[in-house]
């Protein structure tokens with residue numbers, strides 16, 4: 001399964017371009033721009049599994065760094081501050097990782 005089987009390639013490209021500048025990333029705006037905000041829980045879970053590159057059931061800070069690159073190869077990496085902010089907002093149980101159940105950013 002690929003991200004473009006769930007989200008449109010055009011929406012992904014537009015969302016990635018919006019955040020080219022370091023320290024400009026907003027996960028809420030990114031999810032809205034790429035169309036993820038309007039997807040079903042099953043589709044969100046499918047995207048999560050694609051982003052969970054080590055198949056651990058969690059997205060850890062190291063995986064967040066390459067978040068944009070999973071959507072578009074060649075995209076920039078997230079800065080440490082962006083990763084920490086994203087993780088802080090999405091990690092409901094403060095275990096240092098985002099789980100597919102219960103840790104979904106809103």
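Here the Cβ of each residue, glycine as well, is placed from N, Cα and C on the backbone.
Summarising the annotation, TrEMBL assigns Ca(2+) 1 binding site to 52, 54, 56, 58, 63. Sequence annotations record features per position, and here TrEMBL assigns Ca(2+) 2 binding site to 91, 93, 95, 97. According to TrEMBL, the feature domain 'EF-hand' maps to 39-74.
Note: the Cα of residue 97 (Ca(2+) 2 binding site) and the Cα of residue 58 (Ca(2+) 1 binding site) are spaced 6 Å from each other.
Non-local neighbourhood of residue 63 (Ca(2+) 1 binding site): 51, 52, 53, 54, each in the same chain, at least six residues away, with C-beta under 8 Å from its C-beta. Between the alpha carbons (Cα) of residue 56 (Ca(2+) 1 binding site) and residue 93 (Ca(2+) 2 binding site) lies a span of roughly 17 Å. Outside the domain 'EF-hand' (39-74) by six or more residues, the chain places 1-3, 6-7, 12-13, 15-16, 19, 25, 83-84, 86-87, 96-100, 104 with a CB less than 8 A from a CB of the stretch. When Cβ atoms from all protein chains are considered, those within 10 Å of residue 95 (Ca(2+) 2 binding site) total 11, not counting its own.
Residue 93 (Ca(2+) 2 binding site) sits 12 Å from residue 58 (Ca(2+) 1 binding site), taking the Cα positions as reference.
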